[in-house]
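Asks: My structure is below; once you've seen it, I'll send some questions.
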Amino acid sequence: MSATSCPPGPVLEIEGVAAPPRANGELVFAEPWESRAFGMAVTLAEAGLFTWDEFRDSLVARIAAWEADHASGEEYRYYRCWLAALEDRVVAAGLLHDAAVAERSARLAERPAGHDHPDDHGHGHGHGHGH
Amino acid sequence: MSKAAPADRLSPALRTEALEQLLVERELVDPAVMDKFIKTYEQDVGPLNGAKVVARAWTDPGYRAWLLRDGTAAIKDMGYGGPQGEHMVVLEQSDEVHHVVVCTLCSCYPWPVLGLPPSWYKDPAYRAGMVRTPRRVLREMGLEVPEGKRIEVWDSSAEVRYLVLPQRPPATEDLDAEALAALVTRDAMVGVAEVAAP
């Protein structure tokens, strides 16, 4: 990972006929939560809270574990492995204790249907609700 | 998911939301910084970057030589760098050898030049099959590599990211770099396709 907090500017220039990255006709993320999980890993690594190599090791382990053992017929989902690796790294780095995510998730799950972000922090961007 | 631990039954969307809340509350993640990363890789960085590198190599022999000698520096010269692009190696297709890239362990991919990987690149069938039976997998993906041509499969390591420099299609002598870049596809830069003539 580079030390800068964001990629260099010239990368962002959009020009020409083949506007990226959908030039090949495919969305980068299948669901919104995937982009949040992606963004968190990159942000934490760029901030130096863990290294990219450490994250990659966790990702390799999670993918290998899925390939070694999963329910028959279960579809492989790369960003599920990514999310699990991210949780592994966050706990290993001591950023959160290992039950924190499950506890918060369970609390979020109890929200009534059609909830309107009672716990939102006012940062006003889309979360990856899949429900 | 039926045999997972109870906590894992919570949907990934919910777990992701919970994780983000916790990290933001502890000020470990700045949502604005994170949004910027996501937008960058979702909307701004894509295979067009790599296509411009390829087109420049096709039209500038000095740049091509530099690109093959020191991919990282030559690509950085175009303004493309950052995560997953620190150590770039460029593989040149020829009449004798066809290069194709895979990451068997975890789907490493050269983000600065190609954006984020497509789903097939991450698929276990591609990752395992390309190593064992590359000619067959390439055929299934629509690319017939002649029997006499050698296939070299490059497995991304922890350090190195590969970019394939495709062969310039015939009858494109009149095209400038911009027009050439429009012909270059992501798949050709991974090595699962060739660049078709316009």
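Keep in mind that glycine also has a Cβ here, set from the backbone N, Cα and C atoms.
Residues or ranges marked as domain 'Nitrile hydratase alpha/Thiocyanate hydrolase gamma' by TrEMBL: B:13-193. Annotated Fe(3+) binding site per TrEMBL: B:Cys103, B:Cys106, B:Ser107, B:Cys108, in sequence order.
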Asks: Counting across all protein chains shown, how many other Cβ atoms sit within 10 Å of the Cβ of B:Cys103 (Fe(3+) binding site)?
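Replies: A count of 22.
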Asks: Test of understanding: give the count of other CB atoms lying within 10 angstroms of the CB of B:Cys108 (Fe(3+) binding site).
Replies: 24
Asks: How many other Cβ atoms sit within 10 Å of the Cβ of B:Ser107 (Fe(3+) binding site)?
Replies: 22
Asks: Need one number: mean pLDDT over the domain 'Nitrile hydratase alpha/Thiocyanate hydrolase gamma' (B:13-193).
Replies: 94
Asks: Taking 10 A as the limit, how many CB atoms besides its own sit near the CB of B:Cys106 (Fe(3+) binding site)?
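Replies: So the Cβ neighbour count for B:Cys106 (Fe(3+) binding site) comes to 24.
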Asks: Helix, strand or coil at B:Ser107 (Fe(3+) binding site), per DSSP?
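Replies: Where B:Ser107 (Fe(3+) binding site) sits, the three-state DSSP reduction gives coil.
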